[in-house]
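Undergrad: Below is one structure. I have some questions about it.
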Amino acid sequence: MDNSEESTSIELKTMNEYGARDVSPNSNGGAAGPKGNGGGEEDDIDNFQLVEPTETPESSEEGEEGKNGKKKAREVWDNKVQFILTLVGYAVGLGNIWRFSYLTAKNGGSAFMIPYLVMLFLLGIPLFYLELLLGQSLRKGPVLTWHKLLPNFTGVGIASVVVIVYICLYYNVIIAWVIFYFFKSFQSPLPWAKCDGFDVLKKDLSDVLVNYTGNVGELESCFNESTEYYWYTSAVGASTDIASAGVFNWKMFLCLMAAWVLIYIVYFTATFPYLILMCLFFRAVTLDGAGDGIRFLFLPDKGFQWAKLFSPQVWLEASTQIFFSLGVATGALIALSSYTKPHYNALTDSLIVCLINSATSIFSAIVVFSIIGFKAKQTNINLNEELVSDGPGLAFVVFTEAIIHMPLSPLWAVLFFIMLMLLGVDSQFATVEGLITVMRDIRFFKKLRKELLVAMICVVMFLLSFPFVLGNGVYLFQLWDQFSATFPLLLIGFFEFIAIGWVIGVKNFFNNVTTRRVTPRMMIFWTVMWKYVTPLVMIVIFFGAMISELVNPLQYVSYSDGNETRVDYPSWAQFVGCVIVLTSVLCMPVYLIARLILFESGREEALVFIRQQVKDGEELLASLKRLPHRTLSFLRSLRLKSQSWSRHSDEGSEDIDGQEDLSVPYSRANGTPVLGSYGTQITQETSN
């Protein structure tokens, strides 16, 4: 980056009162030079205007050169239904199946629903709506969106891109696991129903130990928990700890390759997984013991579960589940909504997608708890003990164990893993699309065909995912899952609200940035939410998570000698985790500081913001000083109005002695009302 950025400096006369670029339809985006002079960082940034797209979805992106040398409009979705289905496919993913059910069981069943739904409306929907508005109005990927709106906050977009890359790396590993189990399901009996190496199903362990000379612990685990044994030994080929790379798992390597091929060549709709989930639902609720699981989900035991409502950890986990299941703050929503038409109602879309996402979580939880209740009754084990696995364990250990006991188990296994595959691919497809949008906003990659760019991204991501198919890959997956998205996404979302709520201003955002207009009441509502409530909630979540991480040692689940054990991360793994977090989080302050130091436009933007905050503070103090006087005026006006209403309730205007009622000031001479104190008008009926 050089000093050519000075040509795109924000002149004070083109800046709005909050220091943001004026990107309204009648503005030139704050460009300092004439259109097309090539003097700025990038012409399509400085010459931005909000216009209704006129090209078809097959047209090239905004800013690309057409055959006649003119720039074409950005691609748009064929229709609104296609856009909503894509958002649903992105939001509804594998976490809706296993993570929500695990957290519900861990935090008191139905008692968990209360903080979950509260956080949906306080945290999920406001951020979802904000990001849809940003993409719809500025029609770029996350990096250029923030560069157009607030150049000093461009680091927010860069940080979200780094998080997208991290998520793409490990999320497809889950799909690879699903593909492995999918192909193994075309067997009867299912391979995880017996111990590998023995041609017998589960039976008395003493019959096998007679001539056995190997590891007795592993054999006991195989016979007692064959699904867990199969998961760690045959599926992921786990080593003993995270420091041991183990052997190369070529089967999982091929499955990972197949997963990335699916992302490249296949477009899955968001509706087909619901058909399979519906089939599983009707089968699950008819199983013996399903009622026990459903009762645990919706009817908690006396006292115990409701007491968890007072636990900060429960509210923290409910918030993180809402936050991450919707996929906000990754930039993918901004990228997807950048292809929508300006007249689409982003608020309606946000409500539809967020409610469908949460409804899917609850609906899938009914299926999960029905199957777990069935398994608990079949094995005579307490239902609480069946939900001890977090993350993938719920799908690949508990579910597979339950499927063994179901009639036509291979059929249900195939359907279940098809559903997981489609849910995972849909979410990954939309995430990769967000990364593609960012790449195509860069001038160099605009020259490449989209198919070639997608192929390049998939190949690079596939090669970078290679460590996850080693023996310690399942432990590296846990490390990546713990560090790549938790803190970075919270901070990205927080700074998005700071930018819109405090730097730009919500009123200015709706009036000068977006194509949507809101009523005064809705303006007040979103001001309160985006400026105060949601950022405060995110700060509480962040510090709660920080305290939890500091108090509790960082651990991962290891598998050794047939047993799962929690092991502390070695120092090098903790260092890798910190690097994962810092490489995304530091993008925001580093870019801001660099721009403040190197470019005058950055300093001007910061000075305007500081002046505006000082002005707002002075106005606030003045309002507080006037508050007692306004309160007294309001109370006096209420008293005068009550006197007027009391007078109207009487049939006459004089008392029983024939004396005129002087309690209300009005002119009897001409029957016209007079103004009471502080502008309160007293009405009087005129006698004929």
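Note: Cβ is positioned from N, Cα and C throughout, glycine not excepted.
Sharing the features that TrEMBL gives for it:
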type: COMPBIAS; residues: 1-11; note: compositional bias 'Polar residues'
type: COMPBIAS; residues: 30-39; note: compositional bias 'Gly residues'
type: COMPBIAS; residues: 678-688; note: compositional bias 'Polar residues'
type: REGION; residues: 1-71; note: region 'Disordered'
type: REGION; residues: 648-688; note: region 'Disordered'
type: TRANSMEM; residues: 81-101; note: transmembrane segment
type: TRANSMEM; residues: 113-134; note: transmembrane segment
type: TRANSMEM; residues: 155-183; note: transmembrane segment
type: TRANSMEM; residues: 318-339; note: transmembrane segment
type: TRANSMEM; residues: 351-374; note: transmembrane segment
type: TRANSMEM; residues: 394-423; note: transmembrane segment
type: TRANSMEM; residues: 452-477; note: transmembrane segment
type: TRANSMEM; residues: 489-510; note: transmembrane segment
type: TRANSMEM; residues: 530-551; note: transmembrane segment
type: TRANSMEM; residues: 571-594; note: transmembrane segment
Undergrad: Same chain only, please: residues at least 6 beyond the ends of the transmembrane segment (394-423) with a C-beta under 8 Å from a C-beta of the stretch. Say none if there are none.
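TA: That would be 92-94, 96-99, 101-102, 175, 177-179, 181-182, 185-190, 192-193, 225-228, 230-231, 235, 262, 268, 272-273, 276-277, 279-280, 283, 287, 368, 371-372, 374-375, 378, 386-387.
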Undergrad: Please identify the stretch among 113-134, 155-183, 318-339, 351-374, 452-477 with the greatest number of Cβ pairs below 8 Å relative to the transmembrane segment (530-551).
TA: 113-134
Undergrad: Using a cut-off of under 8 Å between C-beta atoms, tell me which stretch among 155-183, 318-339, 452-477, 571-594 contacts the transmembrane segment (81-101) the most.
TA: 318-339
Undergrad: Take a look at 113-134, 318-339, 351-374, 489-510, 571-594 and tell me which one has the most Cβ pairs under 8 Å to the transmembrane segment (155-183).
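TA: Stretch with maximum Cβ contacts: 571-594.
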Undergrad: Tell me if the transmembrane segment (571-594) touches the transmembrane segment (489-510). I count contact as 3 or more CB pairs below 8 A, with pairs 6 or more residues apart.
TA: yes
Undergrad: Hey, does the transmembrane segment (571-594) touch the transmembrane segment (351-374), meaning at least 3 C-beta pairs closer than 8 angstroms, sequence gap 6 or more?
TA: no
Undergrad: Out of 113-134, 452-477, 571-594, which stretch touches the transmembrane segment (318-339) the most, going by CB pairs under 8 Å?
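TA: Comparing 113-134, 452-477, 571-594 against the transmembrane segment (318-339), the winner is 113-134.
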Undergrad: Hey, which bits of the same chain come close to the transmembrane segment (113-134), Cβ under 8 Å, at least six residues off its ends?
TA: 104, 145, 149, 309, 314-315, 318-319, 321-323, 326, 328-329, 333-334, 337, 340, 346-347, 349-351, 353-354, 358, 362, 493, 496-497, 500, 514, 516, 526, 529-530, 533-534, 537-538, 541
